[in-house]
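Q: Before I ask anything, let me first share the structure, which is written out below as structure tokens.
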Amino acid sequence: MNIVLLGAPGAGKGTQAAKLVEEYELPHISTGDMLRAAVKEGTPLGKKAKSFMDAGDLVPDDVIIGLVTERLQSKDTEKGFILDGFPRTSAQAVALDAELSKLERPLDAALLIDVDSEVIVGRLTSRRMCKDCGYIGTAADATCPKCGGEMYQRDDDNEATVRNRLDVYEKSTAPLIDYYRGCDLLVAIDGDRDPDVVYADVKKSLGL
Ligand SMILES: [Zn+2]
């Protein structure tokens, strides 16, 4: 099962990816993590990516696609993969499709964990973290339930920042969602439910 995972920040796609990874042993390929690792390890593609990052430029699509195709040579991707963080635009999706078809490993689904932006704003702005142990709770936790430490709100969880992040996400991914819908690959799941209920729906919709 070859999957592209889509969803706004705070929609819970990380939770769903973790469940799929655990049950089906599909590798979770996060392009952000891969990029950081390649740069750290100094691979040829990592060096190329670093030159753009050092100049303050976005890493070009072909470099990221190179990383992804390189990653897909690993044996652990034989049963499939979950691609997270890429593509972000429809142009990137077209380029990715071309590469995957060369590898004869086309996508089976673009899985969208769909949550209304007002619900996400509510989720993220009520998030609080423990200063001492990093526990993630909500505004309802006066002190950390794990260690009794002081709870605080991260700067990027304030409402204006959250709304800005969601705007950026929606502008860039709306055409991407249309693209996958047009290819008949889009599987949209209502993510505003208990994570286990969402997961049951994910499995059913993917035919797993
Ligand atoms: Zn704590």
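Cβ from N, Cα, C; glycine included.
Nobody curates TrEMBL annotations by hand; they come from automatic prediction.
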Q: If you look at how TrEMBL annotates this chain, which of 30-59, 60-89, 150-179 comes out as region 'NMP'?
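A: Going through 30-59, 60-89, 150-179 one by one, TrEMBL flags 30-59 as region 'NMP'.
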Q: How many Å separate the two farthest-apart Cα atoms among the AMP-binding residues THR31, ARG36, ASP57, LEU58, VAL59, GLY85, PHE86, PRO87, ARG88, GLN92, ARG154, ARG165?
A: 31
Q: Check the DSSP secondary structure of THR15 (ATP binding site), expressed as helix, strand or coil.
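A: Where THR15 (ATP binding site) sits, the three-state DSSP reduction gives helix.
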Q: At the Cα level, what's the spacing in Å between ASP57 (AMP binding site) and GLY12 (ATP binding site), rounded?
A: 29
